[in-house]
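*Asks:* Quick one: structure below, then a few questions.
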Amino acid sequence: MKTVAIVGSQWGDEGKGKVIDYLATQADVVVRGQGGNNAGHTLVVEGKKYALHLIPSGVLNPNTVNIIGNGIVFDPKGFLEELEMFKTDNISTENIKISDRAHVIFPYHKELDALSEEARGDLKIGTTKKGIGPCYMDKTERSGIRICDLMDKDKFAIKLKAQIDAKNEIVKNIYGKEELFDFETIYNEYLGYAEQIRKYVADTSVIVYDAVRAGKKVLFEGAQGTLLDLDLGTYPFVTSSHPTSGGFAIGAGIGPNMIKDVVGIVKAYTTRVGEGPFVTEQINETGDKIREQGHEFGVTTGRPRRCGWFDAVIVKYAARVNGLTSISFMLLDVLTGFDKIKVCTSYKMGDKIITDFPASLDDLAKCEPVYEELDGWNEDITQIDNFDDLPENAKKYVAKIEELVGVSVDMVSVGPNRAQTIIRRNIFA
């Protein structure tokens, strides 16, 4: 089997898009199987930037089939807006397939997302207000509307009417809102979407399964990151899906034994968006410098990301829960110009040293980083394409990460463009 899963191994925003785009040029099939358009990643090809939220990264390769799997919560309006971006540049989108089992996001999901976040007050969790959580709630409550329902206008009308009646009761009685959702408006809007996406809809599980069985190269594209996983992340400051390797198989509609390699995407430092404890966060000039040099602002929200030093406790945890077989080390060039670079090797909580990532956020908030300090480098590394040509201190930094995490670094990124990538092992080989 030639199947590779790409997993964000921190809090997301690690640079997955670049790695996925790089590997997508070799892949026959690219699959997204969790989350929705709350996640964003940017592809840079020949100086042109494409901000993707729903569409898999293989769309730029006309020979690659791009799957939006059953584990996705699908915003048809957002999807069609992304399509326009490619049509403007005359890029074909005929290679996209949408699972008929994917659940659909509606306006009431987005409104309830915003109302719920507002009602939390000081306990807000930092939602993107894209309706992701409420849509997954309907899914687990077994009242959600799927793509296959949307394709049948009569069945869709019955299900939508029931949902709008229920959501209007919530909006009116819990949140005290007088402006309610109108069935006819939403029904007609989504019938229009249904006709526009109909040609893309398929049983994508069959497509992925057949591709794997045929020995084709299949790339599973993760969104967000391990520490945002609903079960394994920094709960409750997490997403509503499973952006870990275990969730990818379910979201693609195949068995877990069909994913051979799991590549962890890891930044050379650490960032986070939203609320929650962040042990190595630098609320100082160091954090500001990382943010400015790394252009650390969210693709989807534009929010400035919180920045800090590399945290080996986090990445070692990600290696364990994902079964990482390889690491792609991203944004190494951002650390150029730092005299000293710190790496968090463990946590100190009271008089105890902790090497495993704690479940309790109260415990995590009490933790202080235990750092090992390494010498930095000043040389420009953005044009280097051979690992041996990196500055000695940069190579030592990568070696230290491998030592602490216990997984080999097989790819190193030294700039945003596809060409600015150092390959130490061909992951699809």
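Including glycine, each Cβ sits where the backbone N, Cα and C put it.
Swiss-Prot lists these features:
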- 12-18, 40-42, Arg305, 331-333, 413-415: GTP binding site (BINDING)
- Asp13, Glu14, Gly15, Lys16, Asn38, Ala39, Gly40, His41, Thr128, Arg142, Gln224, Thr239, Arg303: IMP binding site (BINDING)
- Asp13, Gly40: Mg(2+) binding site (BINDING)
- Asp13: active site, proton acceptor (ACT_SITE)
- His41: active site, proton donor (ACT_SITE)
- Val299, Thr300, Thr301, Gly302, Arg303, Pro304, Arg305: substrate binding site (BINDING)
*Asks:* Could you check which of these recorded positions, His41, Thr301, Gly302, Pro304, Arg305, sit within 10 Å of Asp13 (IMP binding site), going Cα to Cα?
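*Replies:* Near Asp13 (IMP binding site), where near means Cα within 10 Å, the recorded positions are His41, Arg305.
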*Asks:* Please name which of the binding-site residues listed here, Gly15, Lys18, Gln224, Leu332, Val414, is nearest in space to Thr301 (substrate binding site), Cα against Cα.
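*Replies:* Checked the binding-site residues Gly15, Lys18, Gln224, Leu332, Val414; minimum Cα distance to Thr301 (substrate binding site) goes to Gln224.
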*Asks:* Determine, to the nearest whole angstrom, how far the Cα atom of Asn38 (IMP binding site) is from the Cα atom of Lys18 (GTP binding site).
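*Replies:* Per the Cα atoms, Asn38 (IMP binding site) and Lys18 (GTP binding site) stand 18 Å apart.
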*Asks:* For the IMP site made of Asp13, Glu14, Gly15, Lys16, Asn38, Ala39, Gly40, His41, Thr128, Arg142, Gln224, Thr239, Arg303, how many Å separate the two farthest Cα atoms?
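*Replies:* In whole numbers, the farthest two Cα atoms are 34 Å apart.
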*Asks:* Do me a favour and check the Cα-Cα span between the residue listed as 'active site, proton donor' and Val414 (GTP binding site); whole Å is fine.
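*Replies:* Taking the Cα atoms only, the residue listed as 'active site, proton donor' lies 17 Å from Val414 (GTP binding site).
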*Asks:* How many Å lie between the Cα of Leu332 (GTP binding site) and the Cα of Arg305 (substrate binding site)?
*Replies:* 17
*Asks:* Report the nearest neighbour of Gly15 (GTP binding site) in space among the binding-site residues Gly302, Arg303, Pro304, Arg305, comparing Cα positions.
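*Replies:* Comparing Cα positions, the closest of these binding-site residues turns out to be Arg305.
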*Asks:* Check Gly15 (GTP binding site) against DSSP and tell me helix, strand or coil, would you?
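*Replies:* Note: Gly15 (GTP binding site) is coil by DSSP, not helix or strand.
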*Asks:* Quick check: of the binding-site residues listed here (Thr128, Gly302, Pro304), which one has the Cα closest to that of Thr42 (GTP binding site)?
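*Replies:* Going through Thr128, Gly302, Pro304 one by one, the Cα closest to that of Thr42 (GTP binding site) is Gly302.
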*Asks:* In whole Å, how far is Gly12 (GTP binding site) from Gly40 (IMP binding site) when you measure between their Cα atoms?
*Replies:* 10
*Asks:* Just to verify a number: CA distance, Lys18 (GTP binding site) to Pro304 (substrate binding site), in angstrom, no decimals.
*Replies:* 20
*Asks:* Hey, which of the binding-site residues Gly12, Gly40 is the loneliest by Cβ count within 10 Å?
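*Replies:* Comparing Cβ neighbours within 10 Å for the binding-site residues Gly12, Gly40, Gly40 has the fewest.
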